[in-house]
Amino acid sequence: MEEVPHDCPGAGSAQAGRGTSCQGCPNQRLCASGAGAAPDPAIEEIKEKMKTVKHKILVLSGKGGVGKSTFSAHLAHGLAEDENTQVALLDIDICGPSIPKIMGLEGEQFLEDNLGVMSVGFLLSSPDDAVIWRGPKKNGMIKQFLRDVDWGEVDYLVVDTPPGTSDEHLSIVQYLAATRIDGAVIITTPQEVSLQDVRKEISFCRKVKLPIIGVVENMSSFVCPNCKKESQIFPPTTGGAEVMCQDLKTPLLGRVPLDPHIGKSCDRGQSFMIDAPDSPATLAYRSIIQRIREFCRLHQPKEEQLVGS
Amino acid sequence: MEAAAEPGNLAGVRHIILVLSGKGGVGKSTISTELALALRHAGKKVGILDVDLCGPSIPRMLRAQGRAVHQCDSGWVPVFVDQEQSISLMSVGFLLEKPDEAVVWRGPKKNALIKQFVSDVAWGQLDYLVVDTPPGTSDEHMATVDALRPYSPLGALVVTTPQAVSVGDVRRELTFCRKTGLRVVGLVENMSGFVCPHCAECTNVFSRGGGEELARHAGVPFLAGRAREWGAAPAGPAAGLRGGNGARAPSTPQRERQRGVHWMQAVPTGS
């Protein structure tokens, strides 16, 4: 990966190759010639690779710490419970790759026969290793994940993303541009400080024409193990996800209560749905996963619906 | 505007503290806000620089959304959030035309704005500048550390929750601090427990013990005693977690003083 100058305006920008910070950059001539504005050949290569991947679902938020990785992992587990369904989970949170831990995979690559996982976490030799990369290098890693990993025949590819609306999000949408992304599942918690960021994420999806499967409100409520009474750990002072979804005309896929066992299962790398099959949180997850399956089935292009199942 | 020969807009700032995590949603912005309020309560003049460009939370937390940013000869005038002008704030949140507008920028553009936030905001005389950061170890963090390096920041307050997923990211953040020469002032474990408003039982909602163990492993101060009461703040409506609506827990002068005392002990004032 070549070094780009700190103030690189971006290969696709109008200033490419022409800005003052471009002086001395090894790519200056290339950018100035307008080659940077041409589509990346990797997009076509990725399109080829993705031909064997039936459904692609992005899990987004905008806000950090709302449970994207937890949800992505459990979505993958849930879809893979049918042993005839091939599931792949791709973690593109390059700086904070949580998926290996949550899937109990620190050190291995495959869980069950029908569930494959990829994350930059697997490429780091120590848990203290920091991935201190600027945007262009992160984008390169994402491109490699999509183009160079042999995904094989996959029914569902679930992509876990970092918080924000930046390089990783632009790249995943850009690199998958020539394929069809079924849609995005957007995770939030009930409080306004979360919804504030999630509205921006919804706006991002609309800008890049990414269909939205729906919103999941996580950590909706808390049931005290002592007195069994319910309380709101993150008060929905502005109406929570329900009001936001009504305002923005987006489906609310469901609400997941905060069960303290979820954190513990994730720490141990186990599926919470297997650990606690009767928890209201498990029931909520299962209902949401079913709705996602239905969305994918209903929105398949006609020719795919006729062939096969 | 260059800081080259002249000290520039940070000349009047005595101490700079960064609030980092690596992990999202652990309470960086909440803690940055509480730290600023506590320092103000201790009679200090405080500035907050919010470099989370994609998810700027601080304006809402201080009920300053929608305020306008004015220009002066030295650059942008930060927004004062109180009558006494003891807390000033700069955030990309003030520069957006619509609050729901997404800032969809790649690294280079984010770097450029952060540089401007550091050199082109007329902070004036401040005792402390608290810098709130987004999760990760990427463009924003490198740009912030590079831009602040000439001003010798006091160091970083690193925030985690107890669970392993959080600790996993925060370990990497500690490596980032080491590699960039940023001293870790202390580790705060947030959301250690939730106090049920009905029966007052405290439940460990996000596992337990991770923060203290991490601090021990990494050899950084764990703001423990204070942490358990406040820094390792029990989450929840009754226990004073700021966030959802910008409203604080019922504030008493005693609680404010307590916070102030805890934070003054935790934050070295240096020489």
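Numbers run from 1 along the shown chain.
Backbone N, Cα and C define each Cβ position, glycine as well.
Quantities reported herein were computed from a predicted structural model and do not represent experimental measurements.
Feature annotations, reproduced from TrEMBL:
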BINDING   A:Cys8, A:Cys22, A:Cys25, A:Cys31  [4Fe-4S] cluster 1 binding site
BINDING   A:Gly62, A:Lys63, A:Gly64, A:Gly65, A:Val66, A:Gly67, A:Lys68, A:Ser69  ATP binding site
BINDING   A:Cys224, A:Cys227  [4Fe-4S] cluster 2 binding site
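Shown on the structure are the features that TrEMBL records.
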residue: A:Cys8; record: [4Fe-4S] cluster 1 binding site; contacts (Cβ under 8 Å, 6+ apart): A:Ser21, A:Cys22, A:Cys25, A:Pro136
residue: A:Gly62; record: ATP binding site; contacts (Cβ under 8 Å, 6+ apart): A:Pro163, A:Gly164, A:Thr165, A:Ile186, A:Asp197, A:Val198, A:Arg199, A:Lys200, A:Glu201, A:Phe204
residue: A:Lys63; record: ATP binding site; contacts (Cβ under 8 Å, 6+ apart): A:Pro163, A:Thr188, A:Thr189, A:Val193, A:Ser194, A:Gln196, A:Asp197, A:Val198, A:Glu201
residue: A:Val66; record: ATP binding site; contacts (Cβ under 8 Å, 6+ apart): A:Ile187, A:Thr188, A:Thr189, A:Ser194, A:Asn218, A:Met219
residue: A:Gly67; record: ATP binding site; contacts (Cβ under 8 Å, 6+ apart): A:Ile187, A:Thr189, A:Asn218, A:Met219, A:Val256
residue: A:Lys68; record: ATP binding site; contacts (Cβ under 8 Å, 6+ apart): A:Val59, A:Leu60, A:Ser61, A:Asp160, A:Thr161, A:Pro163, A:Ile187
residue: A:Cys224; record: [4Fe-4S] cluster 2 binding site; contacts (Cβ under 8 Å, 6+ apart): A:Glu230, A:Ser231
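The number of other CB atoms found within 10 A of the CB of A:Cys25 ([4Fe-4S] cluster 1 binding site), across every protein chain shown, is 18. The secondary structure of A:Lys68 (ATP binding site), as reduced to three states from DSSP, is helical. In this structure, A:Gly62 (ATP binding site) belongs to neither helix nor strand by DSSP; it is coil. Contacting chain B by the Cβ rule (under 8 Å between Cβ atoms), the binding-site residues A:Cys25, A:Cys31, A:Gly62, A:Lys68 reduce to A:Gly62. In three-state terms derived from DSSP, A:Cys8 ([4Fe-4S] cluster 1 binding site) belongs to neither a helical nor a strand segment and is classed as coil.
A gap of 37 Å separates the Cα atoms of A:Ser69 (ATP binding site) and A:Cys31 ([4Fe-4S] cluster 1 binding site). In the structure shown, across all protein chains, A:Cys31 is the one of the binding-site residues A:Cys22, A:Cys31 with the greatest number of other Cβ atoms within 10 Å. A separation of roughly 27 Å, to the nearest angstrom, links the Cα atoms of A:Gly65 (ATP binding site) and A:Cys227 ([4Fe-4S] cluster 2 binding site).
Neighbour counts of Cβ atoms within 10 Å were compared for the binding-site residues A:Gly65, A:Ser69, and the top value is held by A:Ser69. Working note on the binding-site residues A:Gly64, A:Cys227: by count of other C-beta atoms within 10 Å of each C-beta, A:Gly64 ranks first.
In this structure the alpha carbons, written CA, of A:Cys31 ([4Fe-4S] cluster 1 binding site) and A:Gly64 (ATP binding site) are 34 Å apart.
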